Amino acid sequence: MALFISNFNSIFNDAAEPWQLGFQDTAAPGFTGLVTLHNTIGFYLIVISFAVFWVIFSIAYYYNSNNHPIALKYLTHGTVIELIWTISPAFILIAIAFPSFRLLYLMDEVISPTLTIKVVGHQWYWSYEYSDFVTDQGESIDFDSYMIPESDLELGQFRLLDVDNKLIIPVDCHIRLIVTGADVIHSYAVPSLGLKLDCVPGRLNQVSFLAERPGTFYGQCSEICGVWHGFMPIVVEAVSSPDFLVWIDSASQ
Amino acid sequence: MSESASAEQSRFVLQTVGFDARFPNTNQTRNCFQNYTDYFRCITAKGEDFAPCKQFKKAYHSLCPNEWIAKWDEQRENGTFPASLEP
Ligand SMILES: [Cu+2]
């Protein structure tokens, strides 16, 4: 689908925009699943709301004391309707729970990753470690990622969102993130990739994702972590795997 | 570019530790620690050059934050590492 849309040279919405109410465009199967679940449940929510409010208003209208003066005396109990409005919501909740849990456990699955990246949240920046390529000398690729201050912004960069060193990932590869915090709890969140995972000091959390298309995806720390909580954004850049290898080579020097 | 990319492929292989059935949850703290201790147990038993031990080393480097590795290395040197490294 993403490829089909990109044939028309459209621009994807991969960063938050002012007063945004909807979702950003998806770039990962997990986020596609989340959006679809949200939209499907939202549709039935509207149908159910209309049904419930229609019943409430029609009862209040037809059976009020002016229109129907004796209703209060005779319409006080109904076993059948009690059963219907108790059992049918239970089935609706089950119908919501099944796809919801299915998606939850699908997104939890770590499917044979090609790359593990460690993400460490600091007050107030992110640091990334690529240690799959560690040499015998024990050298590993790691760097810090700071927000670009407003005074240093160049044309086209996002205020409060762009960073100096992006997280570079290969496209169409299952990537495992191992996240942790160095000082307080942070949360690593990138909406387009369907990521949101707490970074807890002393604990390693794992999440898997796959970028379906090349692009630059923006996110922000999502756990209040101190005064500059709002100034530690996340930028993930998905590139083709040959380009990724070229980058990892240049980064290791 | 394709030439340099293929040259890189000989140096870097896109490969990482696979799924471990002992650690199926989101919490991978123990996975990292287990591989770290297993590596040092392995080399005390079989020696540093024993090839199968390398797998543990790759795994703990991929899973453990560098800061943790540095801290544990220091603890091993001081003899204060909180687990037995005897095989
Ligand atoms: Cu934070």
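Using N, Cα and C of the backbone, Cβ positions are placed for all residues, glycine too.
TrEMBL entries are annotated by machine, without manual review.
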Quick test of reading the record: TrEMBL lists a disulfide for B:Cys42. Which of B:Cys53, B:Cys64 is on the other end?
B:Cys53
How many neighbouring Cβ atoms, not counting its own, are there within 10 Å of the Cβ of B:Cys42 (disulfide bond)?
20
Highest Cβ count within 10 Å among the disulfide-bonded residues B:Cys53, B:Cys64: which residue is it?
B:Cys64
Distance [Cα-Cα, Å, rounded] between B:Cys32 (disulfide bond) and B:Cys53 (disulfide bond):
15
Check each of the disulfide-bonded residues B:Cys32, B:Cys42, B:Cys53 and report back the ones whose Cβ is under 8 Å from some Cβ of chain A.
B:Cys32
Do you know offhand how many angstrom separate B:Cys53 (disulfide bond) and B:Cys64 (disulfide bond) by C-alpha?
17
